[in-house]
Amino acid sequence: MTQPAASTADTVTVRVPAKVNVQLSVGGVRPDGFHGLANVFLAVGLYDSVSATRADAPLLTVSGPDAALVPQDRTNLAARAAALLAARHGLAADVHLHIAKDIPVAGGMAGGSADAAAALLACDRLWGLDSPREELLELCAELGSDVPFSFAGGAALGEGRGELLTPLEVGGTFHWVFAVADGGLSTPAVYRECDRLREATGTGSSAADVPEPAASQELLAALRTGDAAALAAALRNDLQPAALSLRPSLAETLETGLAAGALAALVSGSGPTCAFLVADPDSATRIAHALTASGTCRGARATAGPAPGASLV
Ligand code: C5P
């Protein structure tokens, strides 16, 4: 086997965006424990950066205001991404990964998945592998359901457990405010609560009980035409009742953003970050201030999407 030519750079840095799910339709539990999804992802302009530097042994460090909330050992999805890529190529994962964290931690914005996608691309280039995109996307899917989208960015429909991506056309820029909550929510716990609520209301939670989820044509058309009002009307998150059940105070955050003039409000993914679709950058600034002043969240961030996926900087 010919050895790949190692990159001459000592450090490779990759920037990677957060996501919001503009449609998250959750089907029943599959035999493998995952839920079938129709998951319309939009990447938004909040970014983590991951730097990969040659080292004598694996090392992971994190900076940023919430660094203390991020696991800094081998369980971190970025470290697992480096280990997976190294194992696939018979290399040692001797790399120092540094995550500069700006995406809310355990917030329903795929921050951990973003770091994994970024680590994969950074290590691939540092080690001179230059793997084809399709090969990296397959590794992303092994790491987690949201990791392929974090790698790809833009907008996409995720089917299966969310990893089978179809890129979507977006005909404009959508403006958003994200209200960051105190503390995170565990994604498995939110899916379990979704199942519990379905059982409690007599719907059932298995794949036989819940209709096969499908992308909304109205929502896809709204993305295609860049129509914020139409997108606002079509936003949907089946995990929202479960997130609200586990964190009832989020209802107040959602109401505060709507009262301040947001076009629509929803929980981002499994939460607890709340997402507000707004008309323009000025209203984004105003609504972010109103949310912060209300004390119903830890802070609010104004941004826009779609944003590009994992990119070398
Ligand atoms: O794929 P990932 O490891 O990110 O998923 C985290 C957890 O979220 C899974 O272990 C599962 O509990 C839940 N999940 C799910 N159905 C999906 C995606 C995630 O039940 N489609």
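Cβ coordinates come from backbone N, Cα and C, glycine included.
Record features (TrEMBL):
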- Lys19: active site (ACT_SITE)
- Asp146: active site (ACT_SITE)
- Pro104, Val105, Ala106, Gly107, Gly108, Met109, Ala110, Gly111, Gly112, Ser113, Ala114: ATP binding site (BINDING)
- 76-154: domain 'GHMP kinase N-terminal' (DOMAIN)
- 219-294: domain 'GHMP kinase C-terminal' (DOMAIN)
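Shown on the structure are the features that TrEMBL records.
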residue	record	Cβ contacts under 8 Å, 6 or more apart
Lys19	active site	Phe41, Leu42, Ala43, Val44, Met109, Ala110, Ala114, Asp146, Phe149, Ser150, Gly269
Pro104	ATP binding site	Ala18, Leu46, Asp66, Gly111, Phe178, Val180, Ala181, Gly184, Thr273
Ala106	ATP binding site	Leu69, Gly112, Gly183, Gly184, Leu185, Ser186
Gly108	ATP binding site	Leu185, Thr187, Ala243, Val267, Ser268, Gly269, Ser270, Gly271, Pro272, Thr273
Across all protein chains shown, the one of the binding-site residues Ala110, Ala114 with the most other Cβ atoms within 10 Å of its Cβ is Ala114
Not counting Pro104, Val105, Ala106, Gly107, Gly108, Met109, Ala110, Gly111, Gly112, Ser113, Ala114, residues with a CB within 8 A of the CB centroid of the ATP site are Ala18, Ile103, Gly184, Thr273
Taking DSSP helix as H, G and I and strand as E and B, the domain 'GHMP kinase C-terminal' (219-294) has 45 helix, 11 strand, 20 coil
Ranked by how many other Cβ atoms lie within 10 Å of their Cβ, the recorded positions Gly112, Asp146 are led by Asp146
